[in-house]
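So the structure is just underneath, and the comments pick up after that.
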Amino acid sequence: MQDPNADTEWNDILRKKGILPPKESLKELEEEEAEKEEQLLQQSVVKTYEDMTLEELEENEDEFSEEDERAIEMYRQQRLAEWKATQLKNKFGEVLEISGKDYVQEVTKAGEGLWVILHLYKQGIPLCSLINHHLSGLARKFPDVKFIKAISTTCIPNYPDRNLPTVFVYREGDIKAQFIGPLVFGGMNLTIDELEWKLSESGAIKTALEENPKKPIQDLLLSSVRGPVPMRRDSDSEDD
């Protein structure tokens, strides 16, 4: 097949007839086509190392060009940052027992942007045991939140038992919420969902619950309190 780019009399005739594009236009088309092919090639390479693990990037780094290696290094750093963020986010998952001497390190210096939930309790108080049980479940559900517990008097000397259970919510060492005493928790009927909702109101955890699970009971109580006062019957008046 004759080369359409060749400077021949026949090609000149074809160009004049409009059968072949002008020579300059043809060159531009070729350059555009070459650029597209290069872009597709680069995208293919990018897709290749986007799908690779950090270990695979290390194994295959000799196969890439200098330009590819710069892009790969950017992806490697991005992957590493994502991995570290995931490890940090999921590094808890259980309730840690501390004493007073651990307070500064575990609470005040817990870390930037980190939520800490501290339960002050004592053995032998049933509601404290119930809350510890619920917190264990919530710690597994929200591994990015630091859940800790401590016997009350090891953190606060002479802390009165009547204030137990007590839950403090911290962020970056500052108290964001506090729940003190059995009445705040509603007694032994407290469910894990109710505790989750209560803690979510402080901002410490991001619950998927759409409404307070205790609300229907509260509405029922309120409706009974707000209900109409029954009218006295005439017979009641006569009996007085």
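Note: Cβ is positioned from N, Cα and C throughout, glycine not excepted.
Keep in mind that this is a model prediction, so the values were computed, not measured.
Listed in Swiss-Prot for this protein:
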DOMAIN    27-181  domain 'Phosducin'
MOD_RES   M1  N-acetylmethionine
MOD_RES   S44  phosphoserine
MOD_RES   S65  phosphoserine
MOD_RES   S235  phosphoserine
MOD_RES   S237  phosphoserine
REGION    92-240  region 'Thioredoxin fold'
Secondary structure content of the region 'Thioredoxin fold' (92-240), with strand meaning DSSP E or B: 67 helix, 29 strand, 53 coil
Arithmetic mean of per-residue pLDDT over the region 'Thioredoxin fold' (92-240): 86
